[in-house]
Each structure stands twice: as structure tokens, then as C-alpha cells.
């Protein structure tokens, strides 16, 4: 057995060394995404199979607790280690403006050391007292909410950028494409709630809450179109339709998170299938949203980029006109290239995503649901529905804010 562990350890070290040496400057961001993905898989494995081992740790098992409690502890401990790793890097990277800063090399290199630090942090979390994770569990609820808010802001930025880029082309085919996609999205935005009425409003039961959620989703989609097409707003149908589809999707995830014994949940008869599907979809959605957020960090809007970044807004050109005329278009010796995105925000996204993934895998720290199910419970329902309503409020505000505050500039 010891020989087997030695072989596994040597193979793991060799694999880590080869992976770390193969990470280049251009692939560093994807490497961080890969590390986050490993943390998700680790959390799930320990959640499913680590409870018996944790029950033998006297500093964790201070009293009799159900198996679900140990599963939640495993998820929170891995999450806190992951959170600390990215939070520390986020703090270290504050103020990095150009590539000559020594911390730029820390961000892109040293991957063998980073992997060792990450492993040590995760392992250390299993030796801390339970009270630490009781506090972290509460804080993670707010951190997860902040992560969802960031996703909404990036989605709004993406839809407006998408619309503006096609409109700027000023060609008939792009206008037709905008119209076709907008119509398609709006058809989906109303078709999805229509299907959900069948699944989550079964006949013979009083499901007023579900009906309220679905009707509100359809009303919001209609309101988006009315406001966006109002002459005073000068909006566009594409962002309104995309946000409508997103709200319909979030409404579905909220309803599908209802307890399986709730009579208005039409999926309750397929508990096992839904639990596996929710696990896969939840993990995949989280990883993809984090990758998108992280890769887009610092480039989606001007306030996310450092002042010296080429992507940051500003009135001063990168090269003064007189320098161009004199041929001085090369950087002076010792002056580094400005960084293209905010390293601090980049790592902050992963730190918040660690909290969000912990909430998904622990059922928002609720022990009322079956341990076989992922992200199920009334807390999950209200978090999803709240996210939908916040999305709607932010989108409507983005349309009417220029009218209410004409003296301010909105990017």
C-alpha cells in the first residue's frame, strides 16, 4: 500500500511539474480556470465520499451530526482554501499597471509554487475549528450573491456591446440578423414560461407562487420591449430579447430548485435524474460563467481596467501626436507595456465564484434536503428569483438612467 501511495505521489508531482512548465504567459488565465475546475471536482468528490473520513476527525466531529453536515463541511473547507488562494492574489495584485512590475511575473508564472500553496491551503482548512466555517458559510451567501450580480452586469455589458457592434456595421444584412435573433429570443422568452406552466402548475393543486413567478417573467419580457422601443429611450430590441431569455432561464432554475416533495414541482417524480442533471448543469454553468467573467475581466467596461491599460477609457491617447511626428513611437527604455486587464478583479472573480460554488454544492448551507440533490431548497429558489428581478431592475435602469440623469455620462 505504501508503495502504491509513493508511486501515486511521484506521478502526481511529475504531472504537476510538466503542467506547470507548459503554462505560458498567454495561457495563464486558462490555467487559473483549470485550477478552479479542479477545486470544483475536489469539492464534489469529498462531498460524496469524504464524510466517513471526516467523522473520524475528533476536532471536526465534536458532537453527533448527520451525514449531510459532514458533506457540507467538506465543501466549505475546500471552498475556503480556494477562496483564500484567490483573495490573497487579488490583494497582492492591487495597483499593478505595467508588465515591469514584479507582481506581473507572479501573476503569470511560478505555477509549481502556486499549486503547492493551493494544496497546502486546502489541506490546512481541514484542521481548523468548525466555528470558522459557520462564519464562512454565512459570508458565502453574500459572496455568492455578489458573484451573481457581477454576472448580471457582464451580461448587460455583453448585450449592449453586441448590439452596438452590429449596428455600427450599418449594413442591411446585419440589421436583418439583429431582427431575426431578437424575434427568436422573444419567442423563446415566452415559450419557456409556457412550458413551465405545464411542469410547475399541475392541475388539482394550488400553485399560486409558481404562477406568480411565471407571470412576472412574461410581464418583464413585455416591459423590456416597451421601454427599449420607446422613442425617448432610443434603445434596441436585441438586448431586451436576450435579457428576457436569460430571465426565463433563471426562472426555470429557480423553480427546478424547489423541494422534491413540493406538490407544485412537476420534476419531483424524477428526483435522481434531476439531481444528476442539476449537478452537471450547475457545475458546467459555473465554470463557463467564471471563465467568461475572468477572461473578460478588465476589458468589459472602463472601470474594470487599470488607468494605464489600453482598454481603459480616457481622453489622453496612448501616444501623443508630437511623439508620432518625431518618430518616437517606441517605448522608452525601462518603460513596460501596460497590463491589458485588472489582475485584482480577475482574482476577485474566482474568489467570489468559490463562495458561489460552495453554495451550490451545499444547498446554500441548508440541511433540510436530501444529500443526493444539488442546489435544491427554498433558499436556492429565492436566490434565483431574486437574481431574475435584480437583472430586470438593472436592465431597466440602464435604459432610463440617461433620461433621469441627463448630465451624467453612461458607458
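Using the three backbone atoms N, Cα and C, a Cβ is placed for every residue, glycine included.
All TrEMBL annotations are machine predictions without curation.
The feature region 'Disordered', as given by TrEMBL for the ranges 264-299, 300-335, 336-371, sits at 300-335. With a cut-off of 8 Å on Cβ pairs spaced 6 or more residues apart, the transmembrane segment (211-230) and the transmembrane segment (381-405) reach 3 or more such pairs and are scored as touching. Counting Cβ pairs under 8 Å that are 6 or more residues apart, the transmembrane segment (381-405) and the transmembrane segment (135-154) reach 3 or more and are in contact. Outside the transmembrane segment (174-199), and at least 6 residues removed from its termini, the chain residues within Cβ reach (under 8 Å) are 163, 166-167, 210-211, 214-215, 217-218, 221, 225, 236-238, 240-242, 244-245, 247-249, 251-252, 255, 266-267. Proximity of the transmembrane segment (74-96) to the transmembrane segment (236-255) is not established, fewer than 3 Cβ-Cβ distances being under 8 Å for residue pairs spaced 6 or more apart.
Within its own chain, the transmembrane segment (135-154) has Cβ neighbours under 8 Å at 72, 76, 79-80, 83, 289, 292-293, 296, 300, 349, 351-353, 355-356, 358-359, 362, 364-365, 383, 386-387, 390-391, 394, counting only residues six or more beyond its boundaries.
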